[in-house]
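Trainee: One structure coming up, written as structure tokens, with questions to follow.
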Amino acid sequence: MSDNEYDITNALALDAGSDSDSDVSSGREDVEDDIQDEIISDDEEKSSSSQNKKPKISTKPESFPSLELSDDEDDESRPSEVAEYFSNNKLQATKAKAGSFASFGLSKFLLKNIAKKGFKQPTPIQRKTIPLVMESRDVVGMARTGSGKTAAFVLPVVEKLKSHSPKVGVRAVILSPSRELALQTFKQVKEFTKGTDLRSIVLIGGDSLEDQFSSMMTNPDILVATPGRFLHLKVEMNLDLKTVEYIVFDEADRLFEMGFAEQLNELLVALPPSRQSLLFSATLPRSLVDFAKAGLSNPVLVRLDAETKISDQLQMAFFTTKRTERDANLLYILSEVIKMPLATQDQIKKLKELEEGADDDDSDEEKKPKKKKRKLEKPAPANRLPSEHSTIVFVPTKHHVEYVTTLLRDAGHLVSYIYGTLDQHARKQQLYQFRAAYTNILVVTDVAARGIDIPVLANVVNYTLPGSSKIFIHRVGRTARAGNKGWAYSIVNEKELPYLLDLELFLGKKVLLTQMHEKKVQICHEKGLSAPEVSYKDRLVLGSAPRVDIESSQELCDNLLRNHYELRTIRDVANKGEILYYRTRQPASQESVKRAKEIMDTGAWDDQHLLFGANLEKEKEKFLAKLADRKVKETVFEFRNKGQRDEDSLVEFMHKRRRQIAPIQRRAKERKQLLEKERMAGLTHGIENEILKGDGEVGYDNYNGADLDEVFEDGDEALSKKKRKTYRDPQFFLSHYAPASVIQDKQLELSSFSNEAAAATYDLDNDDKTQTNKQIMRWDKKKGKYINSQSTDKKYIIGESGQKIPATYRSGRYEDWRKSRNAQPLRTGAEEVKSNGRFKHKKVAAPKMPDKFRDDYHKQKKKVEKALDAGVSVKGYNRPGQQQELRSTEQIRKARELKEKRKAKNARPSKRRK
């Protein structure tokens, strides 16, 4: 190579590090103001703090050699360099620290991209999932939002794809439920594939179909899409998905909730049976388990232990309430128990300015899309409380969200709200207000709360007790994280008491009533022992709030309802929604219902809660009991002066009445005393046993580690087991015939996916409770017959799976687009044409005419001569002897028309005299 020549390949390789750094930094600045539903976990927060410091990247030519080369240029890099660049470090993985990204055997370029992102240690879901995906296993991962599950499936997919395939066809598909989540996942894919020639695109609804046609013609390797638009493009473009190697269902529970089940089943049929399927979800509803059984091959269920356990730093309190006093209990808990401060005028003004500013930004975006957004305050980091009193309130339906939010705002609190069908922009705005401490309370439903994750919370309040113990764990698990303390308060009425007893069995923590604790203190005092302390971590302490305070809170609620008509209307709607919610809620166990009746019969279940100390109401009741035990019991009818004779008819009537009911009262008193003796006998036995036991053994025996090892197999050991080396070719090897009994035994094994999924399955009720009557028929005058009221006149076509899909999916727009651009149809599996790069310059245009009065006349003349040599005609420029003498019929016709026009215009009589 001469001195004047320039090596483009080496220059690009040297500059790759600096370019990628600038891209990362610019992308980071754009996202800082964006508040998204998915919030990183504690480990990711620590690593993200180091993102501000740019990592030092060596300028060795290890970047992908042909990253910026056009299709016509040759890749001069040696094959050994490329092999070394993409080599997975299996030898180094054995030397790497266990549990690190390097221990997974990832390639060098992927480890560099991970380091650029600032990630140092994998999260628990990544540590358990990535090795299984690398072993080509189908995985069902249960992980809440913010646990790092996006990287858990993106990293192994990128590692296994490595580089762009010259064959036409998509190799990896990632399906997301919403546009925002798809864009967020696509951003992660772009960052992790930086430095490779892997092509990735995103397909979401609302974007131009023509642009998406162009994107699909670039032969992408990774496709991130929403199911509706992807199915639309598949049908419209008649895509063949036989080249798909990996399919990922992200937030799969939300995919089914949002009505994508038909699209997913249609896509599942089109996929090849040899693909690897990955399914990630925060919960496992039954429909999702059925889908996993049908669409996945021998899947592995990955669950984190934290998903089914309550933090040992969590303290719980359960408050009993009457049917009409739930709102009063909520206000009392917020004001007196949590000590929630009321909003000041400055805080209200600041919140209004924020909301008005967001509305102004929306209007400005419609008028001037290029206008820079307003700078927002940065929310609290993931390991810090948004505010000292940050509280999340769970309600059953979206109607309750509107009602409770309005009630608390009228009471003077700063409140944000989120429910399932809330607009995405409003959802982000409400979440930002809570995380940036503009508000202290967030009112949500179970469906909406599963899509967000607030890393650190001070308190959780259950407006109603959920119908499932697993949903309760999912709720209260949002506080007391990362070693922080937290409180969970639940409001329970008599209908929800059986669910509390189910929760008692599920958690292994006994219910503690006020009367039980007082008897325990009395027994300890008689035996000379110190009074036991109330443990809100190990017991489910049940009781009511002080009666006087509840009455004052109820009076406040009545005043708010009396003075606010809209609040009364919303309350009525919420009450109707609550009726539907109770109707569709799964019932409690029969045994818990029986025990709940026994507890309510004792009358001790709604005594004042131990959290509030001595009960003043009880002293008043004791005084009234003394009056009831007085010897002379006279009614107002029997009151008379001394010496007066009993001649009054009313006095005689009361004496007769007393004689009649005396035996009934005596039997009732004896039965009550007998029940009290039986209860006390069992209670005394339980209390003495608990005193002799340790604090952590509340009525239950603990197994030691040896017993557990004999019964269960350790999941980490199963993961670390190495497969025996075999020389079988899986493509041709046929195993022995297994009889039906062997197959049945294998399906009935305790370690099967069905049993594990059944243990983790629970359904969340929809927060928008509307009664649907699908079989109501109505008379159609035009058709002259009864038709289903829910039916529509939409036209459908039959898809590959036999299901009906909208006929608008096949509108012919792709064929029109392809013909207008003279593009060849996609042939899946064929070699791609090298000249089909999207940004390659392919247009051949004639140069401009050279102008003698310009300085570049000679340069332009050379361009024209070169174009003429290439056969491109330049308008107005002809070489000597180049002008065509023979004319076409069209030229002759036009010439005749011009001649006739000139003749008609100029053929005037001559002025000369003849």
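Placement of Cβ uses the backbone N, Cα and C atoms for every residue, glycine included.
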Trainee: So which range, 250-253, 346-349, 350-353, 822-825, gets flagged motif 'DEAD box' in Swiss-Prot?
Mentor: 250-253
Trainee: Cβ under 8 Å, sequence separation of at least 6 from the ends of the compositional bias 'Basic and acidic residues' (849-858): give me the contacting residues as numbers and ranges.
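Mentor: Long-range Cβ neighbours of the compositional bias 'Basic and acidic residues' (849-858): 864, 874-877.
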Trainee: What mean pLDDT score does the motif 'DEAD box' (250-253) have in the model?
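Mentor: Looking only at the motif 'DEAD box' (250-253), pLDDT averages out to 83.
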Trainee: Using a Cβ cut-off of under 8 Å, list the residues of the same chain at least 6 residues beyond the motif 'DEAD box' (250-253) that approach it.
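Mentor: Sequence-distant neighbours of the motif 'DEAD box' (250-253): 145, 149-150, 153, 174-177, 181, 185, 279-285, 288, 291, 450-451, 764.
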Trainee: DSSP says what for the motif 'DEAD box' (250-253): how many helix, strand, coil residues?
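Mentor: Tallying H, G and I as helix, E and B as strand, the rest coil: 2 helix, 0 strand, 2 coil.
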Trainee: Reported in the order helix, strand, coil, what are the DSSP residue counts of the compositional bias 'Basic and acidic residues' (887-900)?
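Mentor: Across the compositional bias 'Basic and acidic residues' (887-900), DSSP assigns the residues as follows: 12 helix, 0 strand, 2 coil.
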